[in-house]
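Annotated in TrEMBL:
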BINDING   A:85, A:86, A:113, A:114, A:115, A:116, A:155, A:184, A:187, A:209, A:239, A:265  pyridoxal 5'-phosphate binding site
MOD_RES   A:210  N6-(pyridoxal phosphate)lysine
């Protein structure tokens with residue numbers, strides 16, 4: 001029994017479904033369902049308010065943060081869970097700006113996830129200090145880095161194409177110009193090896209419901225480099241980021257290190273699901289998962305290109321420049337994806353024309369890839385996607 | 001069978017426990033446990049990514065918000081769930097400030113919950129526009145309201161003493177001076193009748209894990225008055241507050257109304273628990289609960305004052321000026337509360353010397369109140385709280 005047979009057995013997958021959308025929402029680990037049920041019954045139900053201490057709810061955001069920290073190469077004690085990814089982006093940006101008085105530009109790329117850009121827009125607008133957000137092509141980032149730039153904010157893996165930035169190289173180039181980096185690891189954590197400490201990243205954020213399988217709306221994480229963690233004063237200065245929350249002081253004093261990035265009461269039920277979901281990583285390491293994901297991705301690309309000539313690969317062909325997803329474009333992408341989902345092969349569609357497939361070896365194997373490719377081939381060949389229902393739907397969406 | 005026998009039967013309470021801390025964390029509704037288990041199995045497990053549409057996860061923050069909106073007298077469609085209370089305070093403050101160019105002062109009181117004050121501090125600090133936070137005594141608020149004040153930010157019910165502000169009166173006085181109001185309903189929603197529309201409140205925020213029993217870390221809510229909802233541009237401008245999140249535009253355009261106060265991906269599992277917990281309100285109305293809470297509170301005060309002369313009532317004696325909790329002070333309050341908890345009567349302690357008891361008729365009855373009072377009496381009379389373990393603990397905490 002291979003390690004991946006073992007990890008696959010840890011997940012619930014609906015009968016007959018091939019799930020290639022774990023890059024959007026990971027499937028249910030059996031264990032997470034049990035753990036949440038136990039937590040609710042034995043902790044919330046029986047311990048009531050005392051659960052904050054007795055069941056360790058108060059420390060959970062750091063305890064779980066550390067487990068994710070190990071997956072992204074963070075120093076121990078420098079990742080904490082909470083809120084949503086958008087909020088964590090805001091926190092990182094606000095702190096990074098504080099470190100850069102006199103610099104007025106945030107650089108990002110047009111492949112960044114829109115919410116990251118929106119949060120930057122909102123921050124820039126409220127601060128009203130003449131800051132601007134400069135969006136460049138993903139391939140032109142290095143040319144945009146100069147001494148006027150305060151922050152380089154990037155999502156490492158493009159949510160549409162899977163194109164992966166070279167985090168080490170861009171961080172180094174940014175630092176050469178005195179620029180602080182904010183990395184969004186939404187499509188990296190649990191998907192590709194990341195080593196935050198080694199590349200010298202300043203801030204990193206990410207979500208837990210994609211490749212970390214924490215369930216819909218699971219909390220986000222934030223990393224602050226040890227050299228910065230005690231230097232920044234959070235813009236979102238909530239009581240659980242206070243040095244002594246239960247002193248109920250009237251003034252804020254930041255907690256030590258990344259703990260200051262905590263804000264309000266943590267989502268204990270969602271964290272229970274996440275904590276259980278992370279157990280799969282006790283059985284397999286990131287490099288093993290990555291190697292397998294590349295093999296499966298190459299197989300999927302080869303099969304689809306061989307059998308579906310109308311689909312155009314929009315992910316990088318070079319595996320080293322690609323995250324753990326494969327995307328193709330087609331003008332009728334929406335209709336094709338609907339037809340595919342009707343055949344129980346679940347990927348997703350991203351406007352305007354992208355079919356997106358997450359390659360997640362923890363629960364997807366070679367046979368799934370071959371079946372997905374052949375189902376896609378049959379749909380394209382038979383023009384199944386061309387039928388009225390899908391076409392109509394595609395045109396109005 | 002009275003209506004309160006019926007509501008009590010909807011909750012799980014540990015054997016022999018009298019739970020007077022529902023003002024901190026409400027107990028488990030049986031139904032919430034079942035609903036979360038079903039949601040995880042049938043929705044996350046079986047629908048996977050399609051749950052966002054099929055199971056209505058995407059609309060859940062508004063659907064649930066509306067149910068809470070009915071409990072606090074909001075106009076339909078003007079409350080939305082998400083994030084934590086601290087984040088919602090920040091959103092409300094940032095939006096209220098935007099409406100008040102030229103005004104530089106946020107007024108609050110020393111009885112406000114510290115996290116609200118910390119969030120204001122953080123916002124003021126990042127904006128760096130000469131704003132200030134002015135804290136006054138809870139009884140002196142009206143004297144602090146003048147034309148220099150941008151915002152009056154108050155928690156209606158004081159978390160320590162239960163003292164309740166007159167929301168209608170203070171809102172009217174604030175509006176007379178052109179001041180925008182931000183009301184924190186953490187200890188009001190599900191505890192006392194509130195009518196946001198009638199009092200003309202501008203912004204209101206609150207949490208769901210206290211009197212609304214959503215479980216540890218349940219999401220917060222925010223209300224924006226209809227007259228403001230389309231006028232404010234969120235500081236925390238996340239993709240789910242965008243007019244068209246799935247267009248993935250590179251620029252933010254605020255969604256219509258209070259929907260723009262959504263930020264990131266909602267915590268679907270916590271929301272399932274909350275949605276189930278709110279079912280109790282289909283069986284009983286807020287006025288009935290309030291009348292019963294006053295009766296039980298009066299009984300508790302009378303019994304404790306009659307039998308425990310060393311405990312000093314710090315809640316207002318006038319029931320109309322008191323929320324749904326009763327607090328007493330004693331220099332050894334921490335030790336006394338520990339002794340009480342050891343006797344399975346659970347209240348809580350708030351520094352420096354307050355014993356706090358939540359009075360929650362949904363699951364607490366007259367006999368519970370009498371038993372709690374007599375247990376407290378026995379502890380005081382026998383000096384049980386004076387024993388070494390408690391004293392030592394009290395001194396080092």
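Even glycines carry a Cβ here, placed using N, Cα and C.
Note that this is a predicted model, so its numbers are computed, not measured.
In this entry, A:85, A:239 stand out among the recorded positions A:85, A:155, A:187, A:210, A:239 as having a C-beta under 8 A from a C-beta of chain B. The separation of the residue listed as 'N6-(pyridoxal phosphate)lysine' from residue A:155 (pyridoxal 5'-phosphate binding site), Cα to Cα, is 14 Å.
For the pyridoxal 5'-phosphate site, whose annotated binding residues are A:85, A:86, A:113, A:114, A:115, A:116, A:155, A:184, A:187, A:209, A:239, A:265, the maximal Cα to Cα separation is 30 Å.
In the three-state DSSP scheme, residue A:115 (pyridoxal 5'-phosphate binding site) is classed as helix.
Sequence-distant neighbours of residue A:187 (pyridoxal 5'-phosphate binding site) (same chain, six or more apart, CB under 8 Å from its CB) are A:23, A:155, A:156, A:157, A:158, A:159, A:162, A:210, A:211, A:323, A:324, A:325, listed in sequence order. Per-site Cβ counts within 10 Å over the binding-site residues A:113, A:239 peak at A:239. Around the Cβ of residue A:85 (pyridoxal 5'-phosphate binding site), the number of neighbouring Cβ atoms within 10 Å comes to 30.
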